[in-house]
Amino acid sequence: MNIMFSTETSCWFIRKVICWRATASIAWSVLLLPPTTAVFVVLSRFSLFHPFQTISECLSLLMSASSIFSFILLGGVIIMAGFLTLEYYTVIPTIACSKIALLGQLLHPRQFINSLAHCLMGIIVGWCCAVTIGYRYEMLGYPCQNSDGYPQMCVNEYHLIVLLAGAFVGFSHSLLGVIHNINYVSFQTVQQYKYFRFKGSLPLVVTCSATQAFYSVRNYIVVYFFLGYIPRTWICKTLTLHVDSSIHPLDSIAGLLDLSLLFHLWISATFLLFMWYITLLLFRIFVTEAYSFPVQPSFTEDSHQCLPKVLTDKHPMILKFLALQDLALLSQHSPSRRSEVFSLSQPGGHPHNWNAISKECLGLLADLTHRLVAYHETVATNGRAKSLSNGSERKTSSETSSAEDLMSPRPAFLMKTPVSVFTRSVGGSSQSPLTVPFTPDLDSPFASPALRRLTAPVEQGSPWHGTVQSPHIMRRAPKLWSTSTDSQFNGSPLPSPASVPSPKQEATKPSFLSQFLQNRKEQVKSFLAKRVLIVYLFNKLPEASSQALFADSQAHIWALEGLSYLVQASFTEDHFGVVQTTLPSILSSMLLLQEAVDRHFKLPHASSKPVRSTGSIGDSAYKTLRFALRATLKTAIYRITTTFGDHLNAVEMSAEHRKRLQQFLENKE
């Protein structure tokens, strides 16, 4: 039933919402093509000494048949760019936590297809620009004479250099898209109309297009100076063209020091990037527009489109984010929809809407808490199994017991980084891509075996499975692990934690072949760990790891806002008291999350706030999400404490949480 609901909801949402929004953004991009092309024609053919003649020539050129054909080609390029944006966009950025991870993203087959498509689009736009500019750029071949005076066809290198410039700019744009997360779509904190968002972002698009075009042309000139003879020779052999020896080749200093050529290359690259950036900007504006989900269905067959059902869906991600955004908005600005959240079912009198919404939000908060604790423990142990002090035992057990009513039973989060709630399958245990940046790099050539034991899955029959109840088991674990910790230095095989409690597995000894392979593997890792280039490529980037840990925190920010505003409104609007039944769980979840966030910000790499990049079209909002989450979390707790005041003293919670809550009640946090 859940699979059916998920599939039905996803198909409905993609077909009726996302596809229409993407189509609208592409249509507006095509409508903006004529004025954009007109500006390009005027700038590329403008003459300071003959302004009126230039304007009349531009008008006649825009009405010609070649311009109409160019419009059709450019419209096809925009449609293709919009399709690629729809295919590659993401609401959770992919952050490379090491140089080798970034290299893997750049060399991915999917990225290769994207780069190839951008190169093809760049060549098409380059041809349109060359035909539009005219003069010496118009044709690839022109009639010339050889040394004997016989007529022949020579290659027009000016036309060729414009075509190759379009391909180079397209290739550079696709690579920069991966490095700067250009396909990342963020949501605005302040809701604006589409027109005002577009108007406010238009100067940035123009600036970024011109700036990136300048650097791309600079790099292209350098590459063409050294390698320009290769495509020129290939074109000549393929099309049976000749090289005119009476003019300077463009892959020389004399040929490239042509200011007119450099200007036309730059203006063409700016035009190309402006088209792509306008398409991307309009897609971001349309796809992130707030969508209002009904809280209660008007008909039974529409129940999968309601907010409580949509919130529980994991895919597509944009559906999850829009649902959480709608929850945050209705909790602040819509008393009528809040009343539907607080309503009881008829018949039965059960708060199904509130239970579904609060359960999903609390699950999100608990999931982030587990991830933060797992990351902190991994960083603190530096990949080594360490014994836990009594204080940490009590702390871990209290955290686990407080979250028992929020999450279903799962392996202890010290053993394995929990899977993100967004990519968890309905019945499986698929590994989340979000766990990769803050999980120890197990594929690193110098990853220690003890590091693998910390992230190894735990069997159900072992004492470590599930919630650890006895502190004696926790004390005994490091002692058992320490017997095999030193074996990484002598190359002997290492038993996993799951295999230690089993008597049969203790008696089983590995074969000679497995020992030999393990020894060779340790030797290779030891050799690679001493190579400077390998260490440079595989070393983790702490700042990027912290950013990746909070990459999906926009969802948690909306969950915090939605819960806190609903709890605040329940003080006067909840006539049935449905919110008060889960108020202890809400407060405990928020206090647990705040404790985990505070511990994370004590790490040196997490407290340095990156500077927002204002000169790039790539959205860098994900770099500051952890700071926004920390501020939202503290504000959410204060919102509840200032509303309920001393009434919270009657809420049942642990002594540690009560002490921490008292700090908020006294405004000391």
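Glycine residues also receive a Cβ, built from the backbone N, Cα and C atoms like all the rest.
All annotation found in TrEMBL is predicted automatically rather than curated by experts.
For 26-46 (among others), the entry in TrEMBL reads transmembrane segment.
Positions annotated as transmembrane segment by TrEMBL: 58-82 (among others).
According to TrEMBL, the feature transmembrane segment maps to 119-138 (among others). Sequence-distant contacts of the transmembrane segment (119-138), counting only residues of its own chain at least 6 positions beyond either end whose CB sits under 8 Å from a CB of the stretch, comprise 37, 40-41, 44-45, 61, 66-67, 70, 73-74, 76-77, 80-81, 156, 158-159, 162-171, 173-174, 264, 268, 271-272, 275.
If you look up TrEMBL, you'll see 158-179 (among others) marked as transmembrane segment. With a threshold of 8 Å between CB atoms, the same-chain residues lying at least 6 positions outside the transmembrane segment (158-179) that come near it are 88, 102, 105-106, 111, 114-115, 118-127, 129-130, 136-140, 212-213, 216-217, 219-220, 223-224, 228, 231-232, 235, 250, 261, 264-265, 268-269, 272-273, 276, 618.
Within the same chain, residues 165, 168-169, 172-173, 176, 192, 262, 265-266, 269-270, 272-274, 277-278, 281, 614-617 sit at least 6 positions outside the transmembrane segment (200-217) and bring their C-beta atoms closer than 8 Å to a C-beta of that stretch. Among the features that TrEMBL reports, transmembrane segment is placed at 200-217 (among others).
The annotation transmembrane segment is assigned in TrEMBL to 261-283 (among others).
According to TrEMBL, the region 'Disordered' annotation covers 385-407 (among others).
TrEMBL lists 481-506 (among others) with the feature region 'Disordered'.
The compositional bias 'Polar residues' feature in TrEMBL is assigned to 481-491.
Tertiary neighbourhood of the transmembrane segment (26-46): same-chain residues 54-55, 57-58, 61-62, 67, 70-71, 74-75, 78-79, 82-83, 129, 132-134, 264, 267-268, 271, 274-275, 278-279, 282-283, selected by CB-CB distance under 8 Å and a gap of 6+ residues from either end. Residues 22, 25-26, 28-29, 32-33, 36-37, 40, 43-44, 74, 77-78, 81-82, 85-86, 89, 122, 125-126, 129-130, 133, 137, 158, 161-162, 165-166, 169-170, 173, 182, 185, 198, 201, 205-206, 208-210, 212-214, 216-217, 220-221, 250, 617 of the same chain lie 6+ residues outside the transmembrane segment (261-283) yet bring a C-beta within less than 8 angstroms of a C-beta in it.
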